[in-house]
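Undergrad: Here it is, the structure, as structure tokens.
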Amino acid sequence: MATYTPMIQQYLKIKANYQDAFLFFRLGDFYEMFFDDAINASQELEITLTSRDGGGEDRIPMCGVPHHSAPNYIEQLITKGYKVAICEQTEDPKQAKGVVRREVVQLITPGTVMDGKAIQDKENNYIASVTVFDSQFGLALSDLTTGENLVAICASFDELLNEIYSVGAKEVVISNEFPESLKKQLVDRCQATLSYQLDTNTTTKFEVILNQVTDERLVKTFDRLLTYLERTQKRSLDHLQQVKVYYLQDAMKIDLYSKRNLELTETIRSKGKKGSLLWLLDETKTAMGARLLKQWVDKPLVDRSKIEERLLMVETLIANYFEREDLRQLLKEVYDLERLAGRVAFGNVNARDLIQLKKSLQQVPEIEKLCLTLQKEGYFSQQLDACVDLAMLLEEAIVETPPLSIKEGSIIKDGYHSQLDQYRDASRNGKTWIAQLEQQERQKTGIKSLKIGYNKIFGYFIEVSRANLHLLEEGVYERKQTLSNAERYITPDLKEKESLILEAEEKIVELEYQLFVDIREKVKNYIPRLQGLAKHLSKLDALQCFATVSENRHYCKPNFSSNGELSIKDGRHPVVEKVMDSQEYVPNDCSFNHDRGMLLITGPNMSGKSTYMRQVALTSIMAQIGCYVPATKAVLPIFDQIFTRIGAADDLISGQSTFMVEMLEAKNAIAHATSQSLILFDEIGRGTSTYDGMALAQAIIEHIHEFIGAKTLFSTHYHELTVLEEQLHSLNNIHVKAIEENGRVVFLHKIEEGAADKSYGIHVAELADLPSSLIKRAKEILTELEKEKTEAIPVKTKDIVKEETFSDSDSQLSLFPVEKQASNKGQQIPKKEQAAIELLKSLNLLEMTPLDAMNELYQLQKKVKS
Ligand code: ADP
Ligand code: MG
């Protein structure tokens, strides 16, 4: 039996350790993939699948990408959730005996990728690791691009999923013993790539960053993550920061469903940032500030003093417009210091990055001065570390506009390094000498057009046009190259100078690279200081962003109550208001207190019920992240949790039905809400039959009222539920006002006390331009239903009537149940109704506009009523 060639054997040996990754196997200028990797990669990347003889019986599937365009292909695979192992030749092929040695130098995964499109400027790129401890979970998070590390204990798997989902971790490192059923949920719910790491023994080098972690479970969980990072990255992780322990109960809890429903960081429909609360708030000037803002939005505070501290700083920034504008200008010049620090540690910064770093540092003294001015108002006590010595080093060493490449010189300033200056002198002197030689040769030969040029193949040469050749002295010039109308010559003197110049230039390039690497190493020592500075600057940025948005959009500073009272005056939905033009937005009040803990909202479809409920939740969230709120006055309790069940957002990802999701979300709220929580239930029970739905809705309302006492906004299309106000002490009816004008419904979007009188669903159908005949028919049915309703108990009426109306085989008759009833009883139809029927029959519906139909209907009604 034929055996594989040594190279394929080598490939297989390496691949055995990287089963779950695409192995990019370096062969000359290409990365090749073989076997299944080749088949899969050719599909994912749409590249040609070929094959090669590998010594075995069959040809081996193969595909490859040129090494210089590999980053692009790697990025594509990573964004799709795959991992890529980069296998390089680690010895000079010329020196190799037999197959050249190859090793995997890095495993790139969704959670460890450092650059490219997979990394968003304004978002962290976390990798997580999870360990199960009885019923609890240790969670560790690390952002390799910024060096940030976090650990927390999650009390339940739901909590864990929430955390992983909300930080958007793309990869989760677990041990082999992790329960299968939970694995599946991690992948499905959080769309995370799973990775495995068994042992957890990192080098002692990292013990120091774990100093503040005392819980052994967290140490173990973080260790697993770190071991994985060390194993896969195989390079300096010097920028990893102190591991910070955080406690889930320090933040307002908003579960995965509610985050999605409230569109805090992305919208339900497009999954994009645009249209979300984060989008509205993002007036940050730096990428670090934007990332912090996202973290804040994801974790509203519950500690009153911390909230008030942020609010006071925002207030100060609002009060000092000019300082704030200056601050914004300065921040604009500040580069992403956190990610830069990461790249410095990884050794992939170039001179342009360092210039950016210098410019950023140069802003800091001014920013500090501004903070001192604001300090007079209190609260801006931070000392900023401008890393002055580093800024000076970069100023002295690196030219203002260096090239992208770090290997071709032109990076280091004159005067920074004496040896470099000497080489440069030599090179410059040589060039002056050549310029002088050109003059001398022209005089000597009398050829005015004689010139000295340079190209890479022949070096320096003297060029003389064909017409002047006879003027050259014989035997002095050696011909090197013939062009169509000129000849090129060299002389021994010229060649001598040339080698001096070239030698100097070669040394310059070498030395510049060396100096650059040295500087880069020096910058490495500043990593912790740069990270500290980054933290301060990002906080300033996030705060100025709140101040800017609050002022521009006329928000007010919220106050907090300690007795659960909530009172919002002229509240607005911040995003809807921004999108629609604030002139048109109708502000609404909202109040809760001891006797008013639940609000049952009725009102026509499209009138603004959902918007109203969300605006209350968003107002509270904005307040608890330390921002002003869209209202003219707001007194708010501090909510521990917010639960929402809004709209009919299908949870398509997990393949559950709408109603099941609805019930899951309801369960989540009911199981976890406390009297300090806010619950929004928007048309709950809609996903099932009327009786079912209404029964459930009522039972849920009663349950919250009796056992939970959470502040609740409950919108419903079941008008029947409004009678509950009489039975449940703290339940109050409110409604969104709509009026009828010329038979058309006009939404006022105004919330008023009491229940709505009807549902106006048909009017909305009309607005949506359903055929006028259909609308008309719906109105008839409705009138009939409503008539019946007054005669029977509310819940049952509809169904009884429905049966009666539709069981009749004669559709004409069923159109007019009035007529039917009348004739059944052998009674005469009143005259005016008969006339109306005649008129109705004569109408040509297909020719009518909805407006005409409305008018006719109005006339008809008038006839019957009068
Ligand atoms: P409902 O839940 O009652 O069906 P929505 O809350 O979805 O209604 O609101 C429907 C539309 O009405 C919104 O998309 C918005 O354009 C508009 N709207 C809602 N509230 C207001 C308001 N207070 N002022 C102006 N327009 C509003
Ligand atoms: Mg709604």
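Cβ from N, Cα, C; glycine included.
So TrEMBL lists these for the protein:
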- Gly603, Pro604, Asn605, Met606, Ser607, Gly608, Lys609, Ser610: ATP binding site (BINDING)
- 677-693: domain 'DNA mismatch repair proteins mutS family' (DOMAIN)
Undergrad: From Met606, Gly608, Lys609, Ser610, which binding-site residues have a C-beta atom under 6 Å away from some atom of ligand 2?
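TA: Only Lys609, Ser610 meet the Cβ criterion.
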Undergrad: Can you tell me which of these binding-site residues sit near ligand 1, meaning the Cβ is under 6 Å from at least one of its atoms: Pro604, Asn605, Gly608?
TA: Asn605, Gly608
Undergrad: I'd like the number of other C-beta atoms within 10 A of the C-beta of Lys609 (ATP binding site), please.
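TA: Lys609 (ATP binding site) is surrounded by 26 other Cβ atoms within 10 Å.
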Undergrad: Around the recorded ATP site, report the further residues of that chain (criterion: Cβ within 8 Å of the mean position of the Cβ atoms of Gly603, Pro604, Asn605, Met606, Ser607, Gly608, Lys609, Ser610; site residues excluded), sequence-ordered.
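TA: Neighbours found: Thr611, Val736, Ala738, Phe747.
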Undergrad: Check each residue in the chain of Gly603 (ATP binding site) that is at least six apart in sequence and keep those whose C-beta is under 8 Å from its C-beta; list them in sequence order.
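TA: Expected: Lys609, Ser715, His735, Val736, Lys737, Ala738, Ala756.
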Undergrad: Near the Cβ of Pro604 (ATP binding site), how many other Cβ atoms are there if near means within 10 Å?
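TA: I count 22 other Cβ atoms within 10 Å of it.
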Undergrad: Tell me, how many other CB atoms lie within 10 A of the CB of Asn605 (ATP binding site), whichever protein chain they belong to?
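TA: A 10 Å sphere around the Cβ of Asn605 (ATP binding site) contains 19 other Cβ atoms.
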Undergrad: Under a criterion of Cβ-Cβ distance under 8 Å and sequence separation of at least 6, what residues of the same chain contact Gly608 (ATP binding site)?
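TA: Spatial neighbours, sequence-distant, of Gly608 (ATP binding site): Val586, Val736, Phe747, His749, Ile751.
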Undergrad: Determine the most Cβ-crowded residue among the binding-site residues Ser607, Ser610, using a 10 Å radius around each Cβ and all protein chains in the structure.
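TA: Most Cβ neighbours within 10 Å: Ser607.
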Undergrad: Count up the helix, strand and coil residues in the domain 'DNA mismatch repair proteins mutS family' (677-693) according to DSSP, in that order.
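TA: With helix first, then strand, then coil, the domain 'DNA mismatch repair proteins mutS family' (677-693) has 4 helix, 5 strand, 8 coil.
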Undergrad: Grab the pLDDT values for the domain 'DNA mismatch repair proteins mutS family' (677-693) and give me their mean, rounded.
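TA: In the predicted model, the domain 'DNA mismatch repair proteins mutS family' (677-693) has a mean pLDDT of 82.
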